Amino acid sequence: MSLNNARPLLGCIADDFTGATDLANMLVRGGMRTVQSIGIPSAEMAAGLDADAIVIALKSRTTPSADAVAESLAALEWLRERGCEQIFFKYCSTFDSTAAGNIGQVSEALLEQLDSDFTLACPAFPENGRTIFRGHLFVQDQLLSESGMQNHPLTPMTDANLVRVLQAQTRHKVGLLRYDSIAQGVEGVRNRIAELRAEGVSMAIADALSDADLYTLGEACADLPLLTGGSGLALGLPGNFRKAGKLRDIDAAKQVAISGGEVVLAGSASVATNGQVAAWLEDNRPALRINPLDLAAGKPVVEQALTFARDAGQTVLIYATSTPDEVKAVQKELGVERSGAMVEAALGEIAKGLLNAGVRRFVVAGGETSGAVVQALGVQLLQIGAQIDPGVPATVSSGAQPLALALKSGNFGARDFFAKALKQLAGAA
């Protein structure tokens with residue numbers, strides 16, 4: 001990773017690790033040299049970071065809103081000290097949150113700290129089937145509340161009306177930037193934003209059905225100090241900086257290949273990850289399932305997994321992925337937070353043990369799982385490389401012992417993602 005004291009243009013705060021990589025991937029595709037930090041960088045790491053965009057990955061999506069606000073404001077302060085011209089708060093394209101927060105509370109705090117009176121909220125990601133119309137979020141052809149997300153173990157999404165969902169999380173007035181305004185182009189969006197501001201609206205859910213809509217929104221909001229949303233909303237941001245003559249034309253995705261062993265670790269219970277695990281099993285590739293009840297009983301699950309990986313003689317999948325019914329049964333017995341925390345901790349310990357055994361390439365499925373794994377591996381900075389599947393790039397860590405990682409949000413990736421990611425990480429991804 002080259003270093004030269006360049007001033008970053010865009011500062012990003014992501015509420016989980018895979019969301020951060022998703023956003024960083026989008027920015028790299030737009031030509032911005034992007035570095036992802038696991039938490040707020042230390043002074044040593046920060047010295048001379050050479051990047052057009054810096055994405056700080058927090059683990060705040062499901063933390064109490066007061067904690068999420070404090071962490072996000074600390075990240076904001078760090079980014080502003082580096083001279084970032086615009087701030088982007090990234091959350092999931094399925095708006096993962098509850099009435100307790102914390103998308104609204106964090107957005108509210110960032111707005112106030114930036115002394116701004118308005119921001120957009122747009123989690124749309126059409127390339128992955130997430131679209132918004134009349135304020136309602138769709139996943140493919142289904143409303144969010146009927147897409148399987150209503151069964152999410154930590155943030156069950158039972159309402160697709162994002163205006164209503166966001167309003168429950170903030171004291172500020174929430175409005176809607178409807179599609180008919182977006183269809184009028186950049187000036188139409190700017191005019192509608194002016195009207196919303198005059199009505200006392202501080203946050204507006206923005207409709208978006210296509211990438212073209214996201215480019216329109218991005219251009220229209222070039223002067224807003226804060227934007228919030230999914231990675232899709234960042235599509236148009238590199239173009240704004242390029243138009244202003246602030247962005248160089250280079251290959252932002254260039255990376256080196258990393259040699260060593262490889263593994264797939266999956267903790268997500270999402271529909272997509274369940275399909276990816278099934279595809280691996282159908283190919284008769286070696287896999288070991290971790291049972292949270294065994295962890296709770298004190299069985300040597302981590303040691304068994306490390307032995308399994310060592311003796312397999314080929315790349316293995318170690319997974320805790322389960323169906324929604326199985327997840328609910330475990331949660332009923334162990335509790336929601338305890339069951340998830342135990343799985344994350346175990347997969348983190350397994351990753352650390354595999355690192356000590358020579359594994360250097362890690363494919364990880366699930367936002368919470370990815371957070372646990374990168375922390376266990378001691379990863380602090382990631383250089384973002386080429387895209388594997390929409391929203392998921394290959395990455396390489398900095399430091400004396402570089403690692404190649406693919407950190408996948410639970411619901412992202414094609415059915416053959418695991419095999420595809422391993423292949424890309426093994427090359428000059």
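Positions of Cβ are set from backbone N, Cα and C atoms, glycine also.
Since we're looking at a predicted model, the values are computed, not measured.
Swiss-Prot annotations:
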- Ser268, Gly366, Gly367, Glu368, Thr369, Gly410: ATP binding site (BINDING)
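Feature map: Swiss-Prot annotations on the structure.
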residue : record           : CB count, 10 Å
Ser268  : ATP binding site : 28
Gly366  : ATP binding site : 31
Gly367  : ATP binding site : 33
Glu368  : ATP binding site : 23
Thr369  : ATP binding site : 29
Gly410  : ATP binding site : 27
8 Å Cβ shell about Ser268, Gly366, Gly367, Glu368, Thr369, Gly410 centroid, ATP site members excluded: Thr18, Gly267, Ser270, Thr273, Val364, Ala365, Ser370, Lys408, Ser409
Secondary structure at Gly366 (ATP binding site), reduced by DSSP to three states: coil
